[in-house]
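Since the structure comes first, as structure tokens, the remarks are kept for the end.
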Ligand SMILES: Nc1ncnc2c1ncn2[C@@H]1O[C@H](COP(=O)(O)OP(=O)(O)OP(=O)(O)O)[C@@H](O)[C@H]1O
Ligand SMILES: Nc1nc(=O)c2ncn([C@H]3C[C@H](O)[C@@H](CO)O3)c2[nH]1
């Protein structure tokens, strides 16, 4: 492969993206890019009233990710440094298509494309797929206060939206390899062999490209 390895870990809320991205980055000796959650001023308000706060929240995520990925592209990827990220910019559309309506959704879509169409695309997506019960257990275990009353229907819908989004990306971004991890079966935190199996799949994908 000629492309600099750029790996995005994805999956619905609580799937284990940050955990797996951090573990893979250590194993592969790559810098890791993490979403900043605690300083997001709209997230708590959003979970209390989705209709009222969705546009501000989606725009906030989009602007932050755009800036972070733009910087990463110029400072690392274009300099030949492989990167692993705990999100793919496409998640903005996955969420916003659910949380926004009418004119706001249409305007957001346009802004999304203007900002992101020329960003570097990940060479690999590691997609952690998990059931509602697994996600709820992990959200509970992590214990962020604003996520504790997570609406089951919202989360179930996101699981289905992620499935559809990965199928769609497989067609629209054929250069990107999608590695699917069974997040219910694989406890890569507790089981080193299960983590090694995932890491081997990623290593096979980036084989031949010099790491740092
Ligand atoms: N495979 C796993 N087995 C058991 N626990 C896990 C696993 N992966 C992650 N966890 C735990 O589940 C919780 C959520 O993980 P993490 O924060 O990595 O998820 P995330 O997908 O990044 O979440 P978010 O969508 O909110 O950004 C954490 O407490 C983490 O320690
Ligand atoms: N509405 C909405 N749009 C997004 O783009 C988005 N990205 C993440 N999240 C939520 C999930 C976790 O609670 C928390 C941390 O990932 O933030 C989002 N929510």
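The backbone N, Cα and C atoms fix where each Cβ goes, glycine too.
Bear in mind that TrEMBL entries carry predicted annotations, made automatically and left uncurated.
Residues or ranges marked as domain 'Deoxynucleoside kinase' in TrEMBL: 7-204.
DSSP assigns residue 141 (ATP binding site) to a helix. The ATP binding site feature in TrEMBL is assigned to 11, 12, 13, 14, 15, 16, 17, 18, 19, 138, 139, 140, 141, 142.
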Around the Cβ of residue 19 (ATP binding site), the count of other Cβ atoms that are within 10 Å: 17
Residue 141 (ATP binding site) CB neighbourhood, other CB atoms within 10 A: 8
Span of 11, 12, 13, 14, 15, 16, 17, 18, 19, 138, 139, 140, 141, 142 around ATP - largest C-alpha separation, Å: 17
Local Cβ density at residue 17 (ATP binding site) - other Cβ atoms counted within 10 Å: 25
Where the C-beta lies under 6 angstroms from ligand 1, the matching binding-site residues among 13, 17, 139: 13, 17
